[in-house]
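Asks: Okay, here's the structure, questions in a sec.
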Amino acid sequence: MRSPIMQTGLDFTLVEDLVAGVDEVGRGPLCGAVVTAAVILDPARPILGLNDSKKLTEARREKLYVEIQEKALCWFIARAEVEEIDQLNILHATMLAMKRAVEGLSITPKLALIDGNRCPQLSVPSAPVVKGDSRVPAIAAASILAKVSRDREMAAFELIYPGYGIGGHKGYPTPVHLEALARLGPTPIHRRSFAPVRAAHEARASIMIGGSIPLPVGLLQD
């Protein structure tokens, strides 16, 4: 008999007492924090429509975001900041943020199911689930909490750092973002350890040293 984790589609036999689903959003972007969430669903209060957050419309994610927070036994949203990403690298920063999410739960889970192929070091048993956000309801719920939280933050950064299109691409290396990065230089929320940001930073620093053009205030902060 196949393990329920290996079955295709969301498997609601995995909505068990004290099983936490954990997911992240924001490993690939050039700016902003990596955001994680951990969720323990309540078997007595099912949530219809759970799925990988990337497969849902923004409006549907927003509705489920509220419903998950209302119906889950517990949930916690955590993060690793840009400075931690640059210091640790994105993989280790993601593992740290996942650990913070699990440790932040008000109820200690019996098991943590982690989206992906590796687990952070936790004080509770854990197991990775490849494509877990499409297969395990609690991981799907975690993916929704993490994505909505991060997307809202990116929308706020659009107002603070206009001209980069952050509210649209959410920090991912789209042509619009890369062009703005080359033209305007990195902001304090850009990840200096990522090659496109580092290249833009070095190019703007070189121009500043050469005295060719004035730079916008605050764009070359470390």
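Backbone N, Cα and C atoms are what each Cβ position is placed from, and that goes for glycine too.
As listed in Swiss-Prot for this protein:
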| type | residues | note |
| --- | --- | --- |
| BINDING | D23, E24, D115 | divalent metal cation binding site |
| DOMAIN | 17-206 | domain 'RNase H type-2' |
Asks: Just going by other Cβ atoms within 10 Å, which of the binding-site residues D23, E24 has the emptiest spot?
Replies: E24
Asks: Under 8 Å Cβ-Cβ from D115 (divalent metal cation binding site), six or more apart in the same chain: what's there?
Replies: G21, V22, D23, E24, P128, V129, K131, G132, D133, V136, I139, A142, S143
Asks: Quick one: what's DSSP say for D115 (divalent metal cation binding site), helix, strand or coil?
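Replies: In three-state terms, D115 (divalent metal cation binding site) counts as strand.
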